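Let me begin by presenting the structure, written as structure tokens, before commenting on it.
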Amino acid sequence: MNSQEGAGVVIHGTAPSIFLRNISKAFGETIALSDVSLDLRVGEVHALLGENGAGKTTLMKILYGLTQPDTGLIEAGGVALTINSPRDARAAGIGMVTQHFSLVKNMTVVENIALASANTFSLDLASVRKEINAASAKFGLEVSPDAVISSLPVALQQRVEILKALMSGCRYLILDEPTAVLGPQDIDSLLEVIKKLRSESGIGIVLISHKMAEIEQVADRVSVLRRGKVVSNSKVSGMSSQELIGLMMGNDEVAVAQRRPTQQLFGDPILALKGISVTTESGELNEVSFDVRSGEIVGVAGVSGNGQAELVRVLSGTLALDKGSVVIEGNTLGQTTPQSLMRAGVGMLGEDRHASAVHALQVMENLVLDCIDNFATKFQLKQKEILEHCESAITQFEIKTTPKQPLGTLSGGNMQKVLLARLFSRKPKVAIISQPTRGLDVMATRYVRSLIMQASTEGTAVLLVSEDLDEVLELADRVAVMYRGAIIGIVDGSTATRETLGQLMAGIKQ
Amino acid sequence: MKPRFALRSSMPWWRGPALIAAAAFVSFLLSAIVVRWAGGAPISAFHYMFISPLQTRFGITESILSATPLIFTGAAVAIAFRAGYWNIGAEGQLLAGTIGATWVGIHAEPLPSIVGVPLILLAGMLFGALWALVPALLRTRLGIDEVVTTLLLNPVALLIISGLLNGPWRNSETGFPDSDVIAKSTQLPIIWPGTRVHLGLALGVIIIVLCWWYVGKMAGGLKLRAVGMAPGAARIAGLPVERTLLVAALVSGGIAGLGGSSEVAGVAHQLTTGISSGFGYTGVIVATLAALSFIGSLCVALLFGLITVGSFSASRALEIPSTIGEFVQSVLLLTVIAALVIQKYRVVWTRGKK
Ligand SMILES: Nc1ncnc2c1ncn2[C@@H]1O[C@H](COP(=O)(O)OP(=O)(O)OP(=O)(O)O)[C@@H](O)[C@H]1O
Ligand SMILES: [Mg+2]
């Protein structure tokens with residue numbers, strides 16, 4: 001493990017150090033990248049912006065050796081680099097934290113980091129532990145070396161990934177949508193780490209993000225990808241977020257976000273929670289009671305880890321209740337199961353889209369997975385109807401895919417749209433929606449939010465769990481704030497502000 | 001310059017089949033070494049193994065006969081594996097099927113064929129499914145790994161057979177530890193006159209076609225595939241994951257058990273401890289070589305039938321051990337799996353250091 005020599009030396013905006021030249025890449029019919037050139041410099045945060053499916057991840061996977069380009073080359077200091085694997089990339093000083101972490105879940109932090117560096121036959125965990133502690137202190141990335149990965153929250157797992165990359169001695173660090181999986185507090189501390197890595201250790205960082213505010217906060221330069229081409233590359237200081245969005249979308253019309261008028265006449269309560277209590281190792285719910293009426297959007301806000309995840313698990317039927325009951329349209333469900341909820345008309349969009357997607361199945365198969373029987377006769381699937389259903393969903397939800405593509409090959413945003421299409425095409429009575437716009441581009445975010453509004457206008461009772469306060473404020477008719485596993489307050493969406501919600505989230509009752 | 005492996009992102013269509021052919025060639029070379037070592041001439045050994053059985057009607061039909069149980073076990077393993085249920089117990093389930101079949105067979109004297117044949121088939125299927133039930137329940141109710149439980153039940157089935165044959169079912173005429181001959185009315189009819197090819201072959205092919213249709217074309221099959229590929233996502237989509245696994249396990253056991261009936265009622269006409277020469281285990285190899293496709297399993301089973309018959313004639317003619325057949329099958333498995341893995345990579349030459 002190399003130590004990071006020259007730490008503290010600020011090399012701000014020196015000559016370009018890594019060149020990606022004329023990179024093209026196609027997957028069958030799909031052209032993911034065409035003739036893309038990019039330069040990365042040490043000591044600079046380079047933001048990569050673009051719609052879902054624009055090719056950001058593909059480009060970075062090429063740089064990190066996870067995919068090979070069809071044409072084009074990578075150069076450092078005038079010499080062509082051969083990057084055929086992540087190992088080559090690390091040897092060239094390039095590290096990457098992918099959207100999907102590559103940690104061994106039931107091993108400890110030390111073991112994971114030792115794995116990444118172990119090339120010898122001897123394994124000296126004690127010295128690795130020492131190096132981890134040193135690196136943690138130096139980069140401001142605290143972790144406890146002996147924690148088992150699966151016991152760590154996402155933010156800390158990410159920290160381990162970053163540490164792993166840094167300890168392999170990288171000068172360039174690629175972060176693919178690192179903030180998409182984090183709550184607001186964790187985002188702030190990650191951005192601090194990024195700034196520190198740049199200015200104190202002179203590391204060049206590629207930051208992929210869909211959030212303009214983050215880019216303005218930490219990035220020095222920004223490149224915009226649109227449909228596999230670089231359409232802009234400039235200093236961040238000279239660009240407004242409106243300009244950037246315009247570049248990303250090209251001629252596509254950008255819908256303007258606006259709060260929907262609160263509907264005055266809600267129907268009857270469709271979903272009612274009555275005194276729900278559960279205890280798990282990760283958190284608890286304490287006498288949670290509230291209801292959601294037909295046509296209403298109830299937002300659930302709170303600092304992450306205050307029971308939101310448990311609430312969603314109860315409503316998806318994967319967590320057994322200790323006490324209380326779930327009532328749907330007046331019918332009390334005992335212990336909930338995914339099937340009983342689905343039969344009662346509850347639809348669900350989980351926060352981890354990969355957990356809900358069968359990657360190896362085609363898009364069209366995934367789209368009908370929760371209602372296969374409606375698309376089959378006794379003896380045979382109605383392939384033609386499935387295909388038509390999929391084609392209309394692709395048009396209606398503007399999904400960039402073909403029906404027969406395996407779902408796993410879609411970009412994150414498009415995968416999310418597939419799952420949303422599946423949810424809403426069943427016309428559920430109740431929709432439980434968790435972090436719906438994580439990792440979605442600006443356009444898709446607005447589109448998804450408008451879909452949620454539309455479903456509620458059509459009478460669906462929506463429970464929206466989101467860590468994005470703006471999202472909650474934009475959509476919710478009422479906001480329930482969770483604190484330590486209980487609902488600490490429910491406020492009216494039209495009068496709620498960041499401040500009132502913030503106080504409740506901190507556990508302060510008015 | 002040093003060679004290294006790098007992940008391949010895409011490849012031309014012909015590379016898969018070409019690699020399999022290369023793997024087959026490599027496995028011939030490796031087998032040739034062993035044949036040589038055993039004192040035979042490799043070329044003529046392979047001639048006896050792969051060509052000469054196909055030159056006589058007897059060779060062809062005997063190969064088909066040897067392939068018949070493998071068609072059942074191959075299909076049984078493939079359908080379970082497609083659902084993500086790792087059933088290594090086709091051997092035990094087939095043996096349980098032979099017990100059920102024999103039980104009907106030796107007690108069915110007065111019945112007409114039209115009743116006897118369906119009854120003996122049903123009995124095998126039922127016993128096979130029953131043998132698969134316990135591990136399946138342990139897996140779906142308590143989460144106990146089925147690989148271990150299904151595997152460990154295999155020798156148990158064999159011990160029960162041995163107990164029956166040394167006790168209540170001991171041959172009433174000879175006193176040997178093999179059962180009485182089953183009633184004529186329960187013996188499977190010959191479907192290729194003048195040979196030993198029996199109704200079991202037709203059943204096996206029908207099972208293959210049914211499985212292929214079910215898994216690829218029917219609603220239940222899509223559910224089964226989804227459960228096999230991503231049980232978590234299937235559960236979120238409201239699919240009954242446990243029930244799907246249970247059904248897949250029972251169907252798998254039933255098919256293997258039917259294979260047991262087919263052996264007892266179609267070929268042996270009595271139960272012996274040697275009724276199965278590892279058909280269940282070979283079924284795992286068959287399904288794996290076929291990449292869990294059903295039509296593929298049928299083809300591999302037929303190939304293995306050919307190798308089995310061919311290795312006997314090679315052994316007789318060249319005086320080498322007949323286990324050479326099993327050796328060829330195993331080496332083929334290893335090389336093909338290696339080819340399937342290698343196919344995902346390409347060799348790159350790196351310059352300079354390291
Ligand atoms: N292995 C693959 N096979 C087929 N198509 C692929 C594969 N990987 C990516 N693609 C396609 O390439 C395009 C670019 O995908 P990529 O993942 O790079 O997008 P992205 O810019 O990272 O999007 P997002 O913001 O949603 O993560 C998409 O249309 C995607 O469907
Ligand atoms: Mg991406």
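The backbone N, Cα and C atoms fix where each Cβ goes, and this holds for glycine too.
Among the ranges B:30-49, B:150-169, B:230-249, the one that TrEMBL lists as transmembrane segment is B:150-169.
Through the fold, the transmembrane segment (B:64-81) approaches residues 87, 90-91, 93-94, 195-198, 200-201, 204-205, 207-208, 211, 215, 224, 228, 248-249, 251-253, 255-256, 258-259, 262-263, 266-267, 276, 279-280, 282-284, 286-288, 290, 292-294, 297-298, 300-302, 304-306, 308-309 of its own chain, all at least 6 residues removed from its boundaries and within a Cβ separation under 8 Å. If you look at the transmembrane segment (B:279-307), the same-chain residues 6 or more away from its ends with a CB under 8 A from one of its CBs are 49-50, 53-54, 63-79, 81-82, 88-95, 154, 204-205, 208-209, 211-212, 215, 256, 259, 263, 325, 328-330, 332-333, 336-337, 340. Away from its own ends, the transmembrane segment (B:197-215) comes close to residues 61, 64-65, 68-69, 71-72, 75, 78-79, 82, 117, 121, 188-191, 221, 224-225, 255, 258-259, 261-263, 265-267, 293-295, 297-298, 301 of its chain (Cβ-Cβ under 8 Å, at least six residues beyond either end).
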